[in-house]
């Protein structure tokens, strides 16, 4: 089957689309990446997404309209990946669309029950591409008592499980998440959870203090020094004290967190602030490894993915934090994969599993009561 996996993450970099060929299903799946592209959001759409993400500035009319606008954006992104690959849209069998997360509440808060909302209307995508769309992957896991995240562990087991090596798959997107993949001979469980911020705080600080979208290659962070009082403040965040399974998002580490941090530590240089929040991302990852993973699993390799794996300052901080743990650290490209395409490929795989009526959540990762088939299916017009 030819499947397009579509992902728009918490970093708001744009729409990632992976055109993938998949044979079979489950652990026997054979997955080939044909082409990958990122279609940037136009400024107007990005601004509307940012407004929709803000509890103070959002409204239902905006979200309703944006749902359909993003559906059109996602459809156009699918057309673009096919065009770049010289691949006929008529040959496409399926689209797996994650959507744009507007709000994610993994746990009960007063009378607000666990819930999640991703938008990007699948009917618009199906109509515009004349292709069946599978979307809304997180809700069935939450209906089964899970947190709806992380969902990539299923695909990571298919792609990265090794005959003899125990691996950690560390994604550093807007939020960071880790998947523990025991080797094929092991009887230990696959576990996965969010480790905290990825690029989210770094990018927000860059935009506010340097008027730059992100710290390219970590060049600015390389110039500053870590301020211990800022790092201690960040590392005291309640999320780091919670036990897995757990998930987080912009609600905990977005604009509100950064506003409070910059107000509290405004006396420090902007370079030092950026260096310190970069160290916070690294330290929060290392903290979770040492507390929840390394005491129970012997890890041979750590494989980094997502946009944060291109931040050499962040990667070096991670290497220093793990230098005594006797595990090799790679990025996706070192082992023949793409850091950028990883999550879009994951949702192509999840769409394939839903098409075959296979459960594809990992209850040991999300906390769900059982394995469930994920996603809603939207057929194109007859």
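Every residue, even glycine, has its Cβ placed from backbone N, Cα and C.
Over in Swiss-Prot, the protein carries these features:
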BINDING   9, 10, 11, 12, 13, 14, 15, 16  ATP binding site
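In sequence order, 6, 7, 8, 38, 39, 41, 73, 74, 77 make up the list of same-chain residues 6 or more apart from residue 15 (ATP binding site) whose Cβ falls under 8 Å from its Cβ. Compute the center of the Cβ atoms of 9, 10, 11, 12, 13, 14, 15, 16, which mark the site for ATP; besides them, the chain residues with Cβ within 8 Å of that center are 7, 8, 38, 41, 173, 174. Comparing Cβ neighbour counts within 10 Å across the binding-site residues 13, 16, the minimum falls on 13.
Cβ neighbours within 10 Å of residue 14 (ATP binding site), excluding its own Cβ and spanning all shown chains: 19. Here residue 12 (ATP binding site) comes close to 41, 46, 49, 50, 174: these same-chain residues lie at least six apart in sequence, with C-beta atoms under 8 angstroms from its C-beta.
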